[in-house]
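Student: Input: one structure, supplied below.
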Amino acid sequence: MQLYTYLYLLVPLVTFHLILGTGTLDHGGALTERRSTDAIALKPEPVLLQKSSARSTDDNGNDRLTQMKRILKKRGNKARGEEEVAKMAAELAREDAVNGK
């Protein structure tokens, strides 16, 4: 009978402690505040990329985007189109066939 008396007194105390410990009844209805805080905490932060990490580099460690800009500036911004590249590849293939490579 003594065990039931202790449990009768202990269970409400433990329950009340757990409720206050989780913050569901703390400050009068903090359950919604806590959920919104958790939602904000779980929201991913934006990734801020630095220029050096966002751009790829070649084998020499040079920035490819910067190199391409320099090349285009030297050409006078006359970038080769796909047709010009295809013609150049066909000419190189013919030269290789003629030279016996």
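Numbering starts at 1 and runs along the chain as displayed.
Backbone N, Cα and C define each Cβ position, glycine as well.
For reference, Swiss-Prot lists these features for the protein:
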type	residues	note
BINDING	Glu91, Glu95	divalent metal cation binding site
MOD_RES	Glu83	4-carboxyglutamate
MOD_RES	Glu84	4-carboxyglutamate
MOD_RES	Glu91	4-carboxyglutamate
MOD_RES	Glu95	4-carboxyglutamate
MOD_RES	Asn99	asparagine amide
SIGNAL	1-21	signal peptide
Student: Write down the Cα-Cα distance for Glu91 (divalent metal cation binding site) and Glu83 (4-carboxyglutamate), rounded and given in Å.
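Tutor: Cα-Cα, rounded: 12 Å.
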Student: Other than its own, how many Cβ atoms are within 10 Å of the Cβ belonging to Glu84 (4-carboxyglutamate)?
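Tutor: Step by step: centre on the Cβ of Glu84 (4-carboxyglutamate), count other Cβ atoms within 10 Å, giving 11.
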